[in-house]
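Listed in Swiss-Prot:
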- Thr46: site 'Part of a proton relay during catalysis' (SITE)
- Thr47, Ile205: pyruvate binding site (BINDING)
- Tyr109: site 'Part of a proton relay during catalysis' (SITE)
- Tyr135: active site, proton donor/acceptor (ACT_SITE)
- Lys163: active site, schiff-base intermediate with substrate (ACT_SITE)
Amino acid sequence: MKELGRLITAMVTPFKKDGTVDYAQAQKLALGLLDSGSDGLVVVGTTGESPTVTWEEEHALFAAVKSAVGNRGKVIAGTGANSTQEALENTLKAEKIGVDACLLVVPYYNKPTQEGLYLHFKTIAEATKLPCILYNVPSRTITHMSPETVIRLSQIPNIVGVKEASGKLDDIAQIINNVRPDFTVWSGNDSDTLPMLAMGAYGVISVASHIVGKQIKEMITSFVSGNTDNAAAIHRHLTPLIRSLFVVSNPIPIKYALNYLGFEVGGLRLPMTEADEKTAALIRESLKGYTIDLPIK
């Protein structure tokens with residue numbers, strides 16, 4: 001679904017010092033991300049600490065961000081769960097709130113079969129009018145959604161795309177070759193964005209775009225317009241920063257980076273912990289080589 005945008009940021013969830021959600025800061029961050037190149041935002045995905053944000057907090061975040069953003073950009077609600085019924089109910093609530101689409105992660109922990117994955121996503125998609133984006137991230141879910149399952153699901157009209165974070169480029173090529181023409185493939189890994197664009201993917205659902213969104217957007221637009229040399233140069237330039245943002249589990253590094261740069265997003269909820277000094281020093285050193293696109297003040 002091309003109108004959701006080529007550059008979508010998987011947004012962190014800001015917390016106050018007491019650990020509660022900072023809805024006002026989430027709104028400020030959302031607007032800053034749109035100002036720095038993002039076409040849309042994923043709210044309460046992996047980067048938004050979805051496992052430790054309650055359903056009530058999720059719904060309030062969907063509403064707060066959508067209220068702030070309005071028609072300036074797309075709001076994609078992270079409504080997935082490893083219970084089909086819970087994911088369905090969460091998606092229907094997000095639809096009532098008025099978000100633009102939903103992101104549905106492969107069910108984690110319970111290790112469904114490929115048929116189970118197909119029925120899980122089919123059940124949710126057929127119950128909502130929202131555009132649904134599949135999210136394949138086997139490094140977190142253990143279960144890998146096969147290309148055949150994605151291709152099969154792409155025949156359901158409101159399953160409009162997939163965030164592919166498996167890193168399996170051969171599988172991704174198979175998907176791109178066999179889905180319907182308007183089915184959209186986004187990279188789910190910042191480091192895979194340019195390679196996947198070269199294979200026919202549309203864009204990226206990004207973490208690094210919190211701080212270098214304009215540069216990632218330029219890389220994408222350069223590639224699309226045929227200036228592949230510039231796109232490749234930007235990709236190479238951003239690689240060390242991207243590496244530092246994933247040196248430990250996301251969103252630990254990006255939250256540290258934002259706080260260090262002066263955009264307060266608070267801490268993390270257990271069992272996630274804040275960056276230790278070794279990690280923090282690595283991130284600080286990496287940031288020295290980059291222009292920061294996010295408006296900080």
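In case you wondered, yes, glycine gets a Cβ from its N, Cα and C as well.
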Q) Using Cα-Cα distances with a 10 Å cut-off, which of the recorded positions Thr47, Tyr109, Lys163 are near Tyr135 (active site, proton donor/acceptor)? A) Lys163
Q) Tyr109, Tyr135: which of these recorded positions has the sparsest Cβ neighbourhood within 10 Å? A) Tyr109
Q | C-beta crowding around Thr47 (pyruvate binding site), within 10 angstroms | A | 22
**Q.** Rounded Cα separation (Å) that holds between Tyr109 (site 'Part of a proton relay during catalysis') and the residue listed as 'active site, schiff-base intermediate with substrate'
**A.** 19
Q) By a simple count, how many Cβ atoms lie within 10 Å of the Cβ of Ile205 (pyruvate binding site), its own Cβ left out? A) 31
